Amino acid sequence: MAPSSSARPVPAPRAPSPRDTAWLEAFEEHLRHERNRSPQTARAYLADLRALIDHVAGTAGNSGTPALDDDAPVRRTPSAPDVLAELDIEDLRGWLAAMSGAGLARATLARRVAAVRTFTAWLRREGLRADDPALRLRSPRPEGTLPHVLQEQQARRLLAAAQERVDAAAAGDDPVAHALALRDAALLELLYATGARVAELSALDVDDLEAGRGVVRLTGKGDRQRTVPYGAPAGRALQAWQRLGRPRLARPDSGPALFLGARGGRLGVRQARTVVDRALEGLGDTAARGPHALRHTAATHLLDGGADLRSVQELLGHASLRTTQVYTHVSIDRLREGYRQAHPRA
């Protein structure tokens, strides 16, 4: 039987519109595959957009005076598609002011502005909006705070303490404790030697190390790879971990991960951060804290020792030289402090 001429044709697929929810998935695909953003950055951007939608929708839903007669239309809270289709610069400025009033750090505000700018530019480029409401939105200037770093003698003490824990565990009767101490010592040495991010070391596989050349292949933000050298102390710690420690923790399903957890799986980022935090707390006389403390310290000590800014940029995997320049200010501050302490006419 022939199909009826009145049968409704199947609609062709259409581009995502700001009046449906497909924008979320499409924008995430754009971030991941066209802009080469990491999964963490993509998730952060999407969370920022949801926060914007919630703010604007809540403001619109509660704006104006309440209706006083029964015939007045019921005010409803706009949906996410409505918000995205009607978003304007005043909405964005109001959102930014609300976040600033809530005490969010300028770095957080700047990231949220970057997320919104990226999104609205994408909407316009895809023909989903005729304008770009975030084009005139100014990003907050970053705060002038400088990272806390370890003094060289503090860094030496931190790494010496890690080796002391290895020696103490070796004298005991717990092979797992010894293996974990070897892992922690190797992790700390490699962090300080390379200035790597904790997440980059967590993602390392055994094959990423080239012990003969004394280099390690790191995969940074945006899946950008770089090869970074490390020195003899880190090399010895890594050799001890691979020869004596890793085999104690490895299991048939451990895979190629260089650093393992107590149960034999890949060492997670949170676990690696805990290793760093505990080591820093053990020093007791430094304000340096957090997963980037050894990264900041390595960069500053390199500049103190005469390394040029471009080399440090490549070592750290910074896309922009401006990001690396903060460490020049740290070095200058340290130089100024040393001058004040040492020069008779300071």
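Just so it is clear, glycine is given a Cβ too, placed from its N, Cα and C backbone atoms.
Per TrEMBL, the features are as follows:
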type: ACT_SITE; residues: Arg197; note: active site
type: ACT_SITE; residues: Lys221; note: active site
type: ACT_SITE; residues: His292; note: active site
type: ACT_SITE; residues: Arg295; note: active site
type: ACT_SITE; residues: His318; note: active site
type: ACT_SITE; residues: Tyr327; note: active site, O-(3'-phospho-DNA)-tyrosine intermediate
type: DOMAIN; residues: 18-124; note: domain 'Core-binding (CB)'
type: DOMAIN; residues: 145-340; note: domain 'Tyr recombinase'
type: REGION; residues: 1-21; note: region 'Disordered'
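DSSP classifies His292 (active site) as coil under the three-state reduction. Comparing C-alpha positions, His292 (active site) sits nearest to Arg197 among the active-site residues Arg197, Lys221, His318, Tyr327. In sequence order, Lys221 are the active-site residues from Arg197, Lys221, Arg295, Tyr327 with a C-alpha within 10 Å of the C-alpha of His318 (active site). Just so you know, the Cβ of Arg197 (active site) picks up 21 other Cβ atoms within 10 Å once every protein chain is counted.
Fewest other C-beta atoms within 10 angstroms, among the active-site residues Lys221, His292, Arg295, His318, are seen around Lys221. Looking only at Cα atoms, Arg295 (active site) sits nearest to Arg197 among the active-site residues Arg197, Lys221, Tyr327. Within the model, the domain 'Tyr recombinase' (145-340) carries an average pLDDT of 90. For Tyr327 (active site, O-(3'-phospho-DNA)-tyrosine intermediate), the same-chain residues that are 6 or more apart in sequence and have a Cβ closer than 8 Å to its Cβ are Pro147, His296, Ala299, Thr300, Leu303, Val312.
Rounded to a whole value, the Cα-Cα separation of Lys221 (active site) and Arg197 (active site) is 10 Å.
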